[in-house]
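Asker: Below is the structure I would like to discuss, written out as structure tokens.
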Amino acid sequence: MATLIAGLSPSSSKFHVFNSSISIRCCGDQSAGETDFTSANTNTNGYSFPNPNLVRPPRPRRIILVRHGESEGNVDESAYTRIADPRISLTQRGIREAEECGRDMRSMIEGDGVEDWSVYFYVSPYKRTRQTLQHLATSFDPPRISGLREEPRLREQDFGNFQDRERMRVEKAMRVLYGRFFYRFPNGESAADVYDRITGFRETLKSDIDVGRFQPPGQRNPNMNLVLVSHGLTLRVFLMRWYKWTVDQYERLNNLGNGKMIVMEKGFGGRYTLLLHHTENELRQFGLTDEMLIDQEWQKHAQIGELNYDCAMMNSFFTHFDDECNVT
């Protein structure tokens with residue numbers, strides 16, 4: 001269990017960042033996925049209404065994000081001048097990292113003490129991610145693997161023309177100068193472009209979760225674990241999109257190590273939080289700020305569809321809240 005984070009009132013388990021009577025909504029998750037129209041009632045005019053008697057399938061216990069193992073490009077950037085980025089392979093060390101990740105993942109899941117657990121994989125189509133999954137999955141017996149989907153939207157950021165190595169050095173220096181999120185590589189993508197495609201994937205993922213697409217019809221196993229095998233930047237953008245982090249907050253994040261995982265675990269109210277599996281110190285090393293940790297603490301207990309009225313991030317935008325709260 002993670003430690004409590006700084007800023008928590010010693011007499012309460014709730015953060016009070018500003019006057020909660022100011023009804024500002026932020027950090028909530030009111031996506032269309034929270035209202036299921038798949039079994040809706042339809043009136044004579046053809047309009048659909050949600051079925052109040054519909055019982056949703058249980059949400060997966062975890063969403064586990066895995067970065068690929070060490071690749072040829074990680075140890076020698078000149079590899080990109082000879083090999084297309086999607087065809088870059090793992091090194092022998094990367095294979096070992098993937099195998100170790102699989103063992104660690106299985107140990108974590110078995111620690112739940114349940115018998116009916118299973119895993120379902122989404123994987124980037126790049127060679128190094130597919131190899132990572134192949135070696136990671138050796139830790140799981142076939143009956144434990146519910147399925148696999150190759151997902152092109154989980155691919156690596158397109159960096160453009162890697163063949164001109166010196167030009168790529170210049171472009172990466174320019175990215176640092178102009179900002180990691182918005183800078184677009186010539187003939188390639190920016191992190192903002194990746195954000196757009198990850199937004200589409202997130203909606204697909206939430207739809208899959210809402211209809212229980214990971215198990216046979218009628219089965220209601222709550223011990224499903226979703227695993228996304230992808231790339232460092234793509235996974236950081238995924239977390240940014242899921243938790244609605246700002247651009248400044250994204251740019252503070254550090255890359256996951258090769259073959260490492262970060263775990264979104266279902267909290268007590270049904271939302272996913274990073275603070276159940278990871279400690280505060282681990283998340284600080286990843287780059288989370290005090291405000292982001294406060295929100296992760298809220299995510300541990302919040303109900304699905306609930307809004308965070310005491311969201312600490314609001315203070316960074318609306319500094320006049322302090323003045324209003326001090327008015328008598």
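Cβ coordinates are placed from backbone N, Cα and C, and glycine is handled just like the others.
Dumping what TrEMBL says about this protein:
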- His68: active site, tele-phosphohistidine intermediate (ACT_SITE)
- Glu156: active site, proton donor/acceptor (ACT_SITE)
- Arg67, His68, Gly69, Glu70, Ser71, Glu72, Gly73, Asn74, Arg128: substrate binding site (BINDING)
Asker: Centre the Cβ atoms of Arg67, His68, Gly69, Glu70, Ser71, Glu72, Gly73, Asn74, Arg128, go out 8 Å, and tell me which other residues of that chain have a Cβ in range of the substrate site.
Answerer: Ile88, Leu90, Thr91, Gly94, Thr132, Asn258
Asker: Just how many other Cβ atoms lie inside 10 Å of the Cβ on Arg67 (substrate binding site)?
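Answerer: Its Cβ has 27 other Cβ atoms within 10 Å.
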Asker: Can you tell which of Gly69, Gly73 has the least company, meaning the fewest other C-beta atoms within 10 angstroms of its C-beta, among these binding-site residues?
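Answerer: Each of the binding-site residues Gly69, Gly73 was scored by Cβ atoms within 10 Å; lowest is Gly73.
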Asker: Write down the Cα-Cα distance for Glu156 (active site, proton donor/acceptor) and Gly73 (substrate binding site), rounded and given in Å.
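Answerer: Roughly 13 Å, rounded to the nearest whole number.
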Asker: Find, among the recorded positions listed as His68, Arg128, the one whose Cβ has the highest number of other Cβ atoms within 10 Å in the structure shown.
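Answerer: The residue with the most neighbouring Cβ atoms within 10 Å is His68.
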Asker: Do me a favour and check the Cα-Cα span between Ser71 (substrate binding site) and the residue listed as 'active site, proton donor/acceptor'; whole Å is fine.
Answerer: 13
Asker: Could you measure the widest C-alpha to C-alpha distance across Arg67, His68, Gly69, Glu70, Ser71, Glu72, Gly73, Asn74, Arg128, the residues recorded as binding substrate, and give it to a whole number of angstrom?
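Answerer: If we measure all Cα pairs in Arg67, His68, Gly69, Glu70, Ser71, Glu72, Gly73, Asn74, Arg128, the largest is 15 Å.
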